[in-house]
């Protein structure tokens, strides 16, 4: 699924130049008073000894070593033969690397011209393709297999060693089919915030979303469709069996999830209003401060085949709530997936599989395949739970981790934000 | 008192998060029928007469009074949800 490296333009890349000095990174930046006499280095300058910690250029050139205390980094005049002695220095050293010469990036006119040509070709394809119908859609990169849905493959849940174990994930929706065989034996806490209705799902939407976020690693029948198979499930029914609900129940569900320490709160719901709704902004911010990340569907109000790009609705258009767009199996933006608003908070933050998504449905159907940013959102919630387990991060840190680790796409950022969320892989927990 | 009531969400400011119950009582005194006091979020939900917004906004500790949004899913057999 990763394209081969693109050509970098004519000719070989220029060689990397070094200065002959070494850059030493200390494991702990708190106390880096070092003695490098064993490595033959004397005359150590320390940024703390200069006014405003500004080390003069002349000192940098002439000192045997310059320590940048705030960074826990030193630049040392030492040849390759002294690297071993530098590594052995106390306090513990994380790395020793040759100092590189950096330069202003050269202007590459051929790259500009090539980009211009590609842009014109793309525009021609879109304009002519829209009219004539011969604009072939991108071939799918993923497909459902007997082992796993395309969605859990695309977010790399299938190769992640993490399951969301020990992490509480809340799905605020139409409830869950509590007798569904795929959730037999799972820790499920269910609560209804809809007056007069139990948490049992009488619609199907909630059962589908819970399945994607937290479905089992090996379902009794059919392919794997769930991301965080080891997570503890909190089902908050905030939409009634007929599919609707209002702030009162939804905010009560968020409050309940935060009070129960859910690291992730998944909300596949939205209203087509173009302004952030203040109660959700406050709720999102206070949830983050208490270690709960809210992810919400960007909305399905686009009709891209007819030129309607839509906009991110509430609650996803609050700054403090992570908005999720939908991708198809070619990792192009889904035709219904809403575009970012220009107002702050109205951005699509990340994207996830949301077209032809198979997941659980109330019995006796058992499974159902549907599309929507509602289906993309629980993929992100599940991936967030895996990162929460792998790194221990919560709140804003977890948000940053999700966007940092997302796979960048060639689709516009107004549609997919930082790109496709990806699950942590082996080794991701360290550091 | 036969005025129609509108569902509202009242957001409490950061300085009054520890006094959410006090704010809720003041909202009741200003004509709001309080249904839920959400302590973790600092939000109070309920119903209020259509013209009560200015008096609710005037309550100490209130930063925003908003008519509740209503959310509706498509029917279960819709292909796009």
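Placed from the backbone N, Cα and C atoms, the Cβ positions cover glycine too.
Automatic prediction, not curation, is the source of TrEMBL annotations.
Annotation comment: TrEMBL describes A:173, A:205, A:374 as active site, charge relay system. Feature annotation from TrEMBL assigns domain 'Peptidase S8/S53' to A:164-415.
Projection of TrEMBL feature records onto the structure.
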residue: A:173; record: active site, charge relay system; CB count, 10 Å: 33
residue: A:205; record: active site, charge relay system; CB count, 10 Å: 27
residue: A:374; record: active site, charge relay system; CB count, 10 Å: 31
Between residue A:173 (active site, charge relay system) and residue A:205 (active site, charge relay system): CA-CA distance (Å): 7
Integer Cα-Cα distance in angstrom, residue A:173 (active site, charge relay system) to residue A:374 (active site, charge relay system): 10
